[in-house]
Amino acid sequence: FNKFGKARLYYEALSFEEQDEIYAYTKRNVLPTLTQMNLKYAISAKNRARTVAGVSILSTMTGRMFHQKCLKSIAATRGVPVVIGTTKFYGGWDDMLRRLIKDVDSPVLMGWDYPKCDRAMPNILRIVSSLVLARKHDSCCSHTDRFYRLANECAQVLSEIVMCGGCYYVKPGGTSSGDATTAFANSVFNICQAVSANVCSLMACNGHKIEDLSIRELQKRLYSNVYRADHVDPAFVSEYYEFLNKHFSMMILSDDGVVCYNSEFASKGYIANISAFQQVLYYQNNVFMSEAKCWVETDIEKGPHEF
């Protein structure tokens, strides 16, 4: 594939009908592909080598055709937590920060870093990201179509064959950095970890010591929805989302994020702080996040340290 140059050539060489045929084929068959690991060549302050995974053009083409509507709508929407596609120029950065700290009482900024994010990501969470990105296809695709698309995605970017240094290996999992949906899937993963940390924090609170009755009620309903319920209650999901949006405002770009949270609530344990994230990463991501990778900024005027 690499003998002929760039991907543009394939898009020009294949007619739209042929591209559609390949796409339709992936809804009833699995196309296993090869991924090539390359050393990244960049000027960097850090003294370390990074690798990028280049996935096959077939995987990229069909994957983009499947996810395009969802990805385009994420990239085109302004004023939402995931800021992929938002410009930082023309006052965009100022706009994002103002939206982040809006309506949060006693605000504090914090950020963190996922160590070895794309290598340590659990396979089930990468699959969940695929499912979340494909959730809008319930009207146009049958269950079989969607299952085959998921199987394709797993065979192409989750546990595919990797060519590295002239040898072939089976990748045990993790996310491929050259996949068409990498940034979006990482954003879903980021939200998943943040919500997990918040759920754990609120569940770990002593219910008898919560003075705020609305939060005590929220904790009780959260408990029954997590441990007792046999179906998802959309009303409660949106209510908890509103609670997090108000007291734990996030700005997300792939695996990077800034949070503006209510420091009073965090000190009482109603929402997550850095230590809650450390715990979640330790048992849900199998990595230890050191304090040096995190930052907390109590002075809102200074803005985030790094994003």
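The backbone N, Cα and C atoms fix where each Cβ goes, and this holds for glycine too.
What Swiss-Prot lists as region 'RdRp Fingers N-ter' is 1-76, and the listing cites sequence analysis. For the region 'RdRp Fingers N-ter' (1-76), the DSSP counts in helix, strand and coil order read 39 helix, 10 strand, 27 coil.
Feature annotation from Swiss-Prot assigns domain 'Nsp12 RNA-dependent RNA polymerase' to 1-307; the stated evidence is sequence analysis.
Remote same-chain residues near the region 'RdRp Palm N-ter' (77-115) are listed as 183-184, 187, 190-191, 193, 246-247, 249-264, 266, 273-274, 277, 281, 285, 287-290, 293-298, 300, 303-307 (criterion: CB distance under 8 Å, separation of at least six residues from the stretch ends). Look at Swiss-Prot and you will find 77-115 tagged as region 'RdRp Palm N-ter', backed by sequence analysis.
The domain 'RdRp catalytic' annotation in Swiss-Prot covers 107-269, and the record cites sequence analysis as its basis.
The feature region 'RdRp Fingers C-ter' is assigned by Swiss-Prot to 116-174.
Sequence annotations record features per position, and here Swiss-Prot assigns region 'RdRp Palm C-ter' to 175-307. Mean pLDDT for the region 'RdRp Palm C-ter' (175-307) in this predicted model: 92.
According to Swiss-Prot, the feature active site maps to SER254 (among others). Secondary structure at SER254 (active site), taken from DSSP and collapsed to helix, strand or coil, is coil.
Residues or ranges marked as active site in Swiss-Prot (evidence: sequence analysis): ASP255 (among others). For ASP255 (active site), the same-chain residues lying six or more positions away in sequence with a CB closer than 8 A to its CB are TYR114, CYS117, ASP118, ASN186, SER187, PHE189, ASN190.
Marked as active site by Swiss-Prot: ASP256 (among others). Its Cβ taken as reference, ASP256 (active site) is surrounded by 19 other Cβ atoms within 10 Å in the chains shown.
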Residue counts for the region 'RdRp Fingers C-ter' (116-174) under DSSP, helix then strand then coil, are 35 helix, 8 strand, 16 coil
Write out how many residues of the region 'RdRp Palm N-ter' (77-115) are helix, how many strand and how many coil, based on DSSP.
10 helix, 7 strand, 22 coil
DSSP says what for the region 'RdRp Palm C-ter' (175-307): how many helix, strand, coil residues?
79 helix, 16 strand, 38 coil
